[in-house]
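Heads up, the thing below is written out as structure tokens.
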């Protein structure tokens, strides 16, 4: 009896030690901004061998990044959306690039058994890269699923095609497959899954969730992965086209990480001619590393250490703002367009001051002090509370301080990437009707400001020190998901938005 008791205790202690050893408090993350090799424009599909040749060219570059990341001790690496075959496809021209990707529940290591599900050379290579380098590999590729055309959901060509993220663990096993839910305009080559997929997997360094590019602007699967599935880290392959002033890749992705309280690994394509750049590794309290490069054609590998289980303190986004008397000065207000949305603005007249500006149910409050008030630069403080209807439909509440492109107030909200005015301090808040608010601070030359600001528990975005560079944007980007398809979004409102779109610019500002 005594000996059995001691043996049981020893076994339990041993199991505890193994469990502890297999659990990591921190991990080294890597993301790779990939300068994708694009296929030639064609109206007709290429052969499968031609498609595979192009994909292997891109996989050669991804292999270099994966091997380098593993040598430096990274536990996981994320590569971009469309990183294996590029962009600009039709439904037919993408087909030679697709493979059938099985449900990860099949327990499959493609590197060991590549023919189990037919011809899967891309999955085989990704699996071997993960296995041979003992690293988790996250990639984006195309999935094909045959269907019966007698099924009303089945496309006429008899197959579903999905924009798909795959994850292989350090043994080369397929552990996650995610079909992109929120397809962006121009992605006609892919189908939308009939139901959102909430894809997670566990590792010794936390619980991970996966979604892609345009998904970040919507509730499912993005928000649900955090609020219901309790993931620690989001993996985010993307092909994101920057939209200044408030939707630059590094700006919004880092803001989402802070607003949702998770780690966020964002790998973007690198194609400056298409405004595609901006990758990073973001923690809930601050960006850890970021990359933005419009000048070169080179890819970039980033590393950062992250906590496996980050701690996030809750924020009451209306607590402070609702206590401030809302008395906007009507005579100072003007209207200007930010990414097709009509904001209500006030000009910042002095080197320091306090302003309130309201639109519909949202009132925004600002206290600030500039380092100097330049005659050649104008800053404005604005509010928007309404339904965005161009290149997607989603309800926004935004408080934003921004540099205007010129001293003409009508340029407030236009894209600008340089500034000269630093801010000694700022405090920004708003009466948001949502708990999903994402804090943004963007500096001149499209740089982030890690460690220079924080969000207080009462909902203020406040500076911790003078800004290290001139300011482009300081904002609180709120999403009211429940109003995206509200019946009170009148046809007159949508028509007005379309008129604005036609008047402001003939150029489409693609996101991803």
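Positions of Cβ are set from backbone N, Cα and C atoms, glycine also.
As given in Swiss-Prot:
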type	residues	note
SIGNAL	1-23	signal peptide
DOMAIN	32-308	domain 'CN hydrolase'
ACT_SITE	81	active site, proton acceptor
CARBOHYD	132	N-linked glycosylation site
CARBOHYD	148	N-linked glycosylation site
ACT_SITE	180	active site, proton donor
ACT_SITE	213	active site, nucleophile
CARBOHYD	316	N-linked glycosylation site
CARBOHYD	354	N-linked glycosylation site
LIPID	488	GPI-anchor amidated asparagine
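Feature annotations (Swiss-Prot) mapped to structure.
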residue	record	DSSP (3 states)
81	active site, proton acceptor	coil
132	N-linked glycosylation site	helix
148	N-linked glycosylation site	coil
180	active site, proton donor	coil
213	active site, nucleophile	helix
316	N-linked glycosylation site	coil
354	N-linked glycosylation site	strand
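The CA atom of residue 81 (active site, proton acceptor) is located 8 Å away from the CA atom of residue 213 (active site, nucleophile). Annotated pair residue 316 (N-linked glycosylation site) and residue 180 (active site, proton donor), C-alpha to C-alpha distance, rounded: 31 Å. Sequence-distant neighbours of residue 132 (N-linked glycosylation site) (same chain, 6+ residues apart, CB-CB distance under 8 A): 111, 172. Taking the glycosylation sites 148, 316, 354 in turn and counting surrounding C-beta atoms within 10 angstroms, the largest count is reached at 316. Across the structure, residue 148 (N-linked glycosylation site) and residue 354 (N-linked glycosylation site) are spaced 63 Å apart at their Cα atoms. Counting every protein chain shown, the number of other Cβ atoms lying within 10 Å of the Cβ of the residue listed as 'active site, proton acceptor' is 27.
Taking Cβ-Cβ distances under 8 Å and a sequence separation of 6 or more, the neighbours of residue 180 (active site, proton donor) in its chain are 162, 163, 164, 165, 190, 193, 211, 212, 213, 214, 215. Averaged over the domain 'CN hydrolase' (32-308), the predicted model has a pLDDT of 98.
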